[in-house]
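Lifted from TrEMBL, the feature list:
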REGION    1-26  region 'Disordered'
COMPBIAS  1-12  compositional bias 'Polar residues'
COMPBIAS  16-26  compositional bias 'Basic and acidic residues'
TRANSMEM  37-54  transmembrane segment
DOMAIN    38-472  domain 'Major facilitator superfamily (MFS) profile'
TRANSMEM  101-120  transmembrane segment
TRANSMEM  132-154  transmembrane segment
TRANSMEM  160-177  transmembrane segment
TRANSMEM  189-208  transmembrane segment
TRANSMEM  214-233  transmembrane segment
TRANSMEM  277-297  transmembrane segment
TRANSMEM  317-342  transmembrane segment
TRANSMEM  379-402  transmembrane segment
TRANSMEM  414-437  transmembrane segment
TRANSMEM  449-467  transmembrane segment
Amino acid sequence: MFNSRVSYSSPQDDVPTGREGREAQSSVLRDKIPARLVLYFLSWSGFLVSFMMRNDMNFALVAMISNDNSTQNQSLNKSQQILGTGTDDQKTIVKSVVISSFYWCYVLSQVVGGVATELFGTKCVFGWSQLATALCSFMMPSAAQLHYIAVIVLRSIQGFASGLTWPAMYAIVGYWIPLTERSRFMSSFQGFSIGIGLTYPLCGFILSEWGWPYIFYTTGTLGLGWCILWYFLAFNTPREHPRITKDELNYIELNVRKEVNSSVKVKVPWLQIFKSIPAWAIAITTFGRIFVHYIFIVNGPTFMGNVLKFNFETNGFLSGVPFICSYISSVLFCYIADKIVLYKVLSLTNVRKLFTALSQIIPGVLIYCIGYIDNVYILLTVWFIAVIFITASYAGAMANIIDLAPNYGHSAAVLAFCQTIHMSASFISPLTAGFIVTQEDSIDQWRRVFEVSAIISILTYLIYQIFGTAEIQTWNKGLPVNDDSDEGKVLSTAKDDLDNTAGPI
């Protein structure tokens with residue numbers, strides 16, 4: 001198998017040794033890691049940590065308020081003294097307000113995120129928003145000891161800061177990611193699924209071993225650690241990156257839009273975005289998808305604990321596993337979508353509509369069925385499949401946002417507009433469930449929640465099927481710019497065939 005004759009050569013003078021040699025080897029290793037792959041990891045891990053800091057409250061609040069479970073009474077008496085006084089109705093109100101307070105400010109900060117990203121860039125906006133959220137997590141136990149109003153204030157700050165992250169990351173995609181890789185990169189946003197999937201079992205374990213304050217200390221520490229990585233590794237554009245290879249830089253600049261490369265500042269056409277029917281179609285259909293998704297995310301643990309009668313640790317595991325699986329499915333959906341676009345099996349518009357249908361029609365039908373399934377194993381299987389298919393949206397309507405406005409960083413503004421509308425479902429969904437479900441162990445009341453969710457999911461998709469498109473909007477192409485190399489030229493963003501010779505991220 002191997003050649004037995006081995007020849008030896010003397011060391012050459014130009015071969016680096018010692019420290020220089022180690023630095024050269026390190027440089028070679030860095031060159032083998034694409035900067036786009038690093039950005040993917042930062043995006044993936046950023047949303048993972050962001051959603052851990054967002055959803056830790058869903059589980060911790062059970063211990064901070066509940067005093068019904070005997071096991072909790074023995075180990076969590078201190079926490080019950082903080083938020084456990086009052087009647088059951090009062091506790092329910094406090095719980096609903098604490099959870100929804102995050103999403104009120106989250107919705108309000110979407111447009112602010114688009115404007116801030118336009119002014120300061122993704123690195124600044126995403127980084128500072130994560131830092132603020134992490135610091136609030138550290139302060140949460142002290143705030144709970146002070147008064148639940150203090151918890152609401154911190155959650156509101158976290159919601160506002162977290163709302164800035166999505167517009168910021170969407171803006172950077174247009175500068176870094178070629179069209180034929182865009183769906184795959186969008187799967188990095190599904191890091192939030194892993195975040196949710198890890199949060200629930202981790203919270204169950206921490207509650208059992210140390211108590212709820214350590215939930216916030218843990219997620220806050222993870223948030224601060226991520227901020228350090230982001231500070232050293234993230235850059236707004238490829239040309240700002242000090243370690244990117246020339247080959248990768250050339251590949252990106254050849255395959256992204258010319259308008260993006262020119263880095264020309266063009267005022268955000270907010271009025272045109274507001275009047276854009278395709279943008280409204282994305283916002284409306286995604287409202288339906290998020291409505292269903294948040295039934296699983298926010299109300300799922302309550303359903304499993306009160307109807308299916310699972311304990312903390314089992315509840316945490318079963319609530320979290322579907323979201324870990326959904327990340328894998330999102331990568332698969334986005335990979336398939338990219339291949340369909342690459343080989344032109346379907347038009348880009350039809351690809352977006354196909355995967356949006358998978359993310360809303362199938363979960364809509366399945367969540368309706370959940371209310372009528374008596375076998376717990378079949379119910380959990382249907383539950384898992386529904387959560388998994390929801391992630392197809394990231395190859396559908398969510399990726400469609402960048403299709404409409406890939407130039408001049410305007411995708412962040414489109415996302416801010418859409419998020420302001422569709423993220424209202426993030427608090428309307430749990431409030432609707434809370435209004436319908438007055439007895440948390442009543443399957444009849446939960447059945448009505450599932451029926452309402454199914455109707456909203458399917459009807460909102462029909463709007464997208466009729467009005468959705470992947471065509472670049474007129475207000476985002478053909479804009480006159482003053483460029484030193486080509487003064488007065490009108491840059492056109494007609495959908496030219498891109499160079500597909502380079503490999504994937």
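Glycine is treated like the rest: Cβ placed from N, Cα and C.
Because TrEMBL annotations are produced automatically, they should be read as predictions rather than curated entries.
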Considering only Cβ pairs within less than 8 angstroms, which of the stretches 277-297, 414-437, 449-467 has the most against the transmembrane segment (160-177)?
414-437
List, by number or range, the same-chain residues at least 6 past the transmembrane segment (132-154) whose CB is under 8 A from its CB atoms?
50, 53-54, 56-57, 64, 79, 82-83, 94, 97-98, 101, 161-162, 212-213, 216-217, 219-224, 227
When you scan the chain for residues with a C-beta under 8 Å from the transmembrane segment (277-297), skipping those not six or more beyond its ends, what do you find?
55, 58, 196, 322-323, 356, 359-360, 363-364, 367, 383, 386-387, 390, 393, 397-398, 400-401, 404, 414, 417-418, 420-426, 428-430, 433, 449-450, 453-454, 456-461, 463-464, 466-469, 471, 473
Touch test for the transmembrane segment (189-208) and the transmembrane segment (214-233), at least 3 Cβ pairs under 8 Å:
yes
Within the domain 'Major facilitator superfamily (MFS) profile' (38-472), what mean pLDDT does the predicted structure show?
83
